[in-house]
Amino acid sequence: GIRRSLRNASLLVPLCLTLSAFWCGYGVILVLAGQGALPEPGDARDALVPGLAALALALLLVAVVGFLCGEPLLALLAAAVALASAHEVALHYSSSLGPSAVACGHLLACLVGGYFALGRILYFLTKGKVALPGTDLAEKKAQEQNRGVPGSTNPFTAPGLLLNALSASVFCCRLLGATHKLFLGHVPWLWVAGTYQMGICVLSYRAMDALMATAFGFTSILQFAAGYCLLHPAWQPEEPSLPTPFLVVFSILFAVLALFLSLQSPVDGLYLLVFVTYCIALACSPRGFFAGGPQGVAVVVFVASASVALIHLYNVRARAKIPTGKGAVKALLARSSLLKLREGPDLHAPYLGYSKYADAEVLAYACSVLASFALTTPGDPQAPLATVVIPWVVVAGGILKLLGGSVAFARGKTLESSAFILYAVMWIIWGLTRYGGLHGATRSFHAAVGIVAFMLFNGFIVFCSLFLNVAWFFYSLTFTLVAVSFLLDAIHALPTGYDLAASLVFGLVSFYCFLATLSSSTFEGGCLPVGGPMVQLGGVRAGATKCLHLPARKASSVKRIADILRNGGTCGIPTDTVYVLVAACSRPDAVEKAHRSKRQAQDRPMSLWISSLKQLEPAKHLFTPLLWDFMEAAWPSPISLVIPRGEWVDFLGMRDSAKYVGTPRSVAIRIPDCSVTTHLIDLVGPIVVTSANPTGEADTTHHNQVYAKLGDKVDAVLCAGPSPENIASTVVDCTKIDSGNIGFFRVGIIPKSQV
């Protein structure tokens with residue numbers, strides 16, 4: 001369901017993710033009860049009720065939207081489990097109800113699932129002739145296409161919001177008296193919500209919704225912090241204390257994100273303001289999550305989460321949308337000459353190639369802010385766990401920054417991803433060591449050696465950031481100051497106030513990078529400068545405005561590459577083997593340019609590619625029957641045939657390009673087994689091809705390597721990620737085929753036996 005959800009707007013994804021999260025928490029609580037971790041008579045009830053109540057409401061919302069949008073089976077399934085959960089809540093408070101109603105709800109869910117399975121089995125056995133009502137997915141898909149459901153809506157927003165309602169229900173039930181205390185039994189609900197929200201954060205990046213992904217990253221931090229606070233009394237009698245300055249900073253980050261999110265969807269922006277209030281309430285309450293003030297705000301979070309989730313559930317499926325205010329914001333900004341929103345298909349396109357993820361740098365910088373300000377809390381050396389610092393440092397600075405680094409790596413940002421992953425590892429190790437009680441009163445020489453090794457790695461990142469931009473240089477440099485404070489602390493030489501100053505400086509620089517990245521991803525031109533590279537490398541940034549990188553999955557990209565080739569350009573394109581450099585045969589100037597840029601060796605001449613043998617039909621009489629039959633049998637495939645040069649070359653309109661192709665006696669020709677390449681040849685005509693690397697170097701197996709090896713000598717690159725193969729084509733000598741002999745200039749992906 002998750003894999004297909006980005007193409008099909010369906011309620012199946014919210015239903016499956018919601019059920020998965022709730023049943024995961026439910027199962028963990030049953031395990032805790034079975035292991036004797038919930039010893040009191042009412043503990044199991046107090047632990048289960050908040051999750052069951054939230055599950056009943058969440059599935060009821062899915063059921064309502066399912067009935068309204070024409071998905072009766074899914075709606076019936078959601079309603080059955082919702083009723084079972086509601087009856088189980090009632091059963092915990094009144095034994096007279098009996099478990100029969102709960103069993104009936106689950107039995108109804110089983111019957112609906114069995115009906116659907118039977119319908120699909122009959123559909124496959126009868127090859128589509130028999131389909132029970134509601135089980136014909138082909139008909140459903142056709143209806144969705146006719147309905148024209150836009151794919152721009154993030155289908156993962158609704159389950160993320162429902163998880164916020166789940167965590168809020170823990171504190172709502174305590175405030176309303178439905179449960180008697182907050183304790184260990186509630187931790188599974190909170191940590192399951194946080195874990196699943198991290199997953200939804202990644203899926204939101206896949207859905208190209210960077211702002212909502214960042215919001216779910218923020219809320220997941222709150223869930224883990226709340227779970228930590230409820231877990232702490234299990235081994236210490238006192239309640240843990242929350243660092244007030246950190247929560248103020250967190251509220252500021254929430255407020256800034258809410259402001260930018262309101263430009264995309266005012267409803268979602270207003271929703272995030274509730275979490276600003278939540279953080280302020282936590283900062284004002286010494287008891288934190290155990291106080292009545294934050295629990296009162298949790299009631300608002302619960303109601304707001306359920307309401308906004310209902311809007312998103314409906315808008316994912318319905319043709320007539322519930323307005324979220326986006327149109328009004330766009331109309332308002334259209335009148336402004338200063339601010340212009342970034343929109344369009346290239347909004348999340350990285351510089352080199354394409355990515356399946358939106359940019360996660362906003363979340364990574366925000367996590368740096370949170371982790372650095374959390375370090376300003378000294379805590380009690382004798383009881384380091386009594387101050388809630390580990391969730392902010394380990395979860396925010398470590399796990400979420402690791403997530404941001406992984407997404408940056410997927411987008412081709414090698415330096416940024418390396419830095420984020422390295423810093424994440426450091427935050428996790430130091431957070432657990434210093435604030436997890438692992439450090440102890442004594443300091444270790446081995447810890448100091450590890451920090452020095454880390455500083456050497458970071459020194460390399462600082463050096464590389466000179467070639468990136470000014471903001472990144474100061475970001476990596478100020479983290480060195482934080483690492484120095486770690487080192488001085490490890491060797492008992494930390495000056496008073498140095499760690500506080502270093503953390504604040506790094507936090508402020510990270511906050512500026514957070515604002516700059518957020519503004520540049522939202523507005524055209526960017527409002528806050530990040531500066532250019534402090535050291536310029538020739539040939540690296542110079543071609544930034546010259547070489548286009550277009551995703552191969554789009555037909556418009558292939559058409560644009562075709563236009564460039566027709567106008568005399570050279571392009572790097574993917575094939576059925578490795579990436580190649582191509583030029584149109586009809587443009588001798590482009591063929592000469594490709595020959596020059598490749599520094600082509602005389603013993604490795606350029607080859608000729610066509611898309612179909614029909615292009616050679618007018619010259620068929622110039623080929624021997626055996627050679628023609630062999631070409632028909634061999635193509636399309638990664639087999640290049642070296643055939644005698646003759647008058648047939650003139651039928652392809654090569655004119656002056658012919659002198660650069662092949663040798664005076666022979667020409668290598670091929671029909672590639674790649675739909676993108678053959679479609680491009682259909683648009684341009686026959687093309688001249690050579691490998692996309694300087695002569696003598698290894699084959700190019702990724703679109704990033706094309707520009708790295710050839711620089712601005714190539715006009716555009718059609719990006720398809722890694723090559724399907726790492727081996728080039730097989731080159732067969734067919735110049736003497738009529739005498740019964742063939743040879744091999746190169747044995748590539750196709751072995752001799754197959755030829």
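Cβ atoms are placed via backbone N, Cα and C, with glycine included.
Given the structure is predicted, the values throughout are model-derived calculations rather than measurements.
What TrEMBL records for 12-35 (among others) is transmembrane segment.
Residues 11, 14-15, 18-19, 22, 25-26, 29, 32-33, 38, 74-76, 78-79, 81-83, 85-86, 88-89, 92, 162, 165-166, 168-170, 172-173, 178-179, 183, 185-186, 188-189, 302, 306, 309-310, 313-314, 317-318 of the same chain lie 6+ residues outside the transmembrane segment (47-68) yet bring a C-beta within less than 8 angstroms of a C-beta in it. Residues or ranges marked as transmembrane segment in TrEMBL: 47-68 (among others).
According to TrEMBL, the feature transmembrane segment maps to 73-94 (among others).
Cβ atoms under 8 Å from those of the transmembrane segment (100-123) belong to residues 73, 76-77, 80-85, 87-88, 90-91, 130-132, 134-137 of the same chain, restricted to positions at least 6 beyond its ends. TrEMBL lists 100-123 (among others) with the feature transmembrane segment.
Here TrEMBL flags 156-177 (among others) as transmembrane segment. Within the same chain, residues 5, 13-14, 17-18, 21-22, 25, 49-51, 53-55, 57-58, 61, 186, 189-190, 192-194, 196-197, 200-201, 203-204, 207, 209, 212, 216, 219, 222-223, 226, 268, 271, 289, 292, 294-296, 298-299, 301-302, 305-306, 308-309, 312-313, 316 sit at least 6 positions outside the transmembrane segment (156-177) and bring their C-beta atoms closer than 8 Å to a C-beta of that stretch.
For 189-208 (among others), the entry in TrEMBL reads transmembrane segment. With a cut-off of 8 Å between Cβ atoms, the residues of this chain six or more beyond the transmembrane segment (189-208) that come close are 2, 6, 17, 20-22, 24-25, 28-29, 50-51, 54, 154-157, 159-160, 163-164, 166-167, 169-170, 214, 216-217, 219-224, 226-227, 230, 347-348, 356-358, 360, 363, 395, 399-400, 403, 407.
Using a Cβ-Cβ cut-off under 8 Å and counting only residues 6 or more beyond its ends in the same chain, the transmembrane segment (246-263) has close neighbours at 211-212, 214-215, 218, 221, 269-273, 275-276, 279-280, 282-283, 325, 329, 333, 341, 366, 369-370, 373-374, 376-377, 392, 507, 514-515, 518-519, 522. If you look up TrEMBL, you'll see 246-263 (among others) marked as transmembrane segment.
Annotated transmembrane segment per TrEMBL: 270-290 (among others), in sequence order. If one looks beyond the transmembrane segment (270-290) by at least 6 residues along the same chain, the residues whose Cβ comes under 8 Å of a Cβ in the stretch are 161, 171, 182, 215, 218-219, 222, 226, 229-230, 239-242, 244, 247-248, 250-251, 254-255, 257-258, 261-262, 296-298, 300-301, 304-305, 308, 388.
Residues or ranges marked as transmembrane segment by TrEMBL: 296-316 (among others). Listed by sequence, the residues of this chain that lie at least six past the ends of the transmembrane segment (296-316) yet keep a Cβ under 8 A from its Cβ atoms are 9-11, 14, 54, 57-58, 61-62, 64-65, 68-69, 149, 153-155, 157-158, 161-162, 164-165, 168-172, 175-176, 267-268, 271, 274-275, 277-278, 281, 322, 324.
For 385-403 (among others), the entry in TrEMBL reads transmembrane segment.
The feature transmembrane segment is assigned by TrEMBL to 445-468 (among others).
Here TrEMBL flags 500-518 (among others) as transmembrane segment. Outside the transmembrane segment (500-518) by six or more residues, the chain places 249, 253, 256-257, 260, 359, 361-362, 365-366, 368-369, 372-373, 375-376, 471-472, 474-475, 478-479, 481-482, 484-485, 526, 528-530 with a CB less than 8 A from a CB of the stretch.
According to TrEMBL, the domain 'YrdC-like' annotation covers 555-750.
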Which residues of the same chain, at least 6 past either end of the transmembrane segment (12-35), have a Cβ under 8 Å from a Cβ in it?
1-2, 5, 43-44, 47-48, 51-52, 54-55, 58-59, 62, 74, 77-78, 81, 155-156, 158-159, 162-163, 166, 184-185, 188-189, 192-193, 196, 200, 313, 316
